[in-house]
Amino acid sequence: MSDRFALTGARIFDGDDWHDGAALVVRDGLVEAILPAGAIASDIRIVETSGMLAPGFVDLQVNGGGGVMLNDHPDVASLETICRAHAPFGTTALLVTLITDTPDITAAAVAAGEAATLRKLPGFLGLHLEGPHLSIARKGAHDPALIRPMLDADQAKLIAARQKLPVLLTTIAPESVEPARVSALTRAGVIVSLGHSDTGYATASTFAAAGASMVTHLFNAMSQIGNREPGLAGAAIDIGSLSAGLIADGIHVDPATIKIALRAKQGPAKIVLVTDAMAPIGTDMTSFTLNGRTIYRRDGSLRLADGTLAGADLDMISAVRFIHRVVGVELSEALRMASLYPAQAIGQSHRLGRFANGTAADIVALSDDLDVASVWVGGDKVFAAGSNSPG
């Protein structure tokens, strides 16, 4: 368990406001308080920092990292590798994501998630099962041979999995799932996101009323806004109960489109940053495989041989920099899009995404140029720039 210490010397963003001349006090893995730097008790260990401190990033869509894809190796070791690979980029809590796969691989991933939960694996927040209940018309890089409708057994397995995991999110398409199933899943605590779908606005609205509360990677692999049909993209923006993940890399969505969406988004739900990261993050890999197909890493993107985008070559601090510098989002809001808002989207803002008494001491220290200097998960330092070890 972490001892009691205070981080001083940096501006502190608590998820709502900035604090100057203050210290962030951590005790036993939790935030204790933000105090004036001169009010720190003599028995508290002082840790000097600089730049800024912000709540650690929360990523709801992480397919891989560190050379590993969950699909290829659905075990605890892979979950640990993926979590560690994203920590240097400021991500302190993530949903490891399984792209559409076989029932056996899915079961193995859930079992690994349960084991990781019991081990209290640092950074592991739960699972995001993206598919297999999607629309072939909007399959993206998902294997169409594995896409299928949701049956009673599938629904039961999802509910059982939720009982073993702190958070379970699943992406479904209305074409493959009935609204009653969404209601049953959400009553059981499963977070349902709409995605990889060609559905229209009216149907999306029906599914939101049934309990769906998110939309997966806004504008990508979904019906678009048209003059007579707003599509799923329009529903994501117009329906206030739907949070929407966004891949902010300049490749998946044009910056001007992002600006329009941010201005138009109805609340209280928000647009949240996700990476949709794959195996290469944190490595120099130039290619890897998914469901037996090769994905190539070129010019900042990941693509199948036919040019189809397959995830993103993106980490969370890069997404924050892009949304701030290129799209023009104010820094406080950019940080919220990477921490507080995703935590709210999955019902975890009571412990993640902000600094308040009793929240997790998940902290990212950033330079004024928005480079990651240090990262703490549960009060334990897991990354320090320029060091081969966490300390």
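Just so you know, glycine gets a Cβ as well, placed from its N, Cα and C.
Of the listed candidates (GLU130, GLU178, GLU229), TrEMBL assigns GLU130 to the same Zn(2+) site as HIS196, HIS217. The most densely surrounded of the binding-site residues HIS196, HIS217, ARG228, HIS252, judged by C-beta neighbours within 10 angstroms, is HIS196. Using CA atoms as reference points, the binding-site residues GLU130, HIS196, HIS217, HIS252 were checked against ASP276 (active site, proton donor/acceptor), and the closest is HIS217.
GLU130 (Zn(2+) binding site) falls within a strand segment according to DSSP. Over the domain 'Amidohydrolase-related' (52-381) the predicted model carries a mean pLDDT of 97. In the three-state DSSP classification, LEU309 (substrate binding site) falls within a strand.
Annotation note: ALA141 (substrate binding site) sits in a coil segment as assigned by DSSP.
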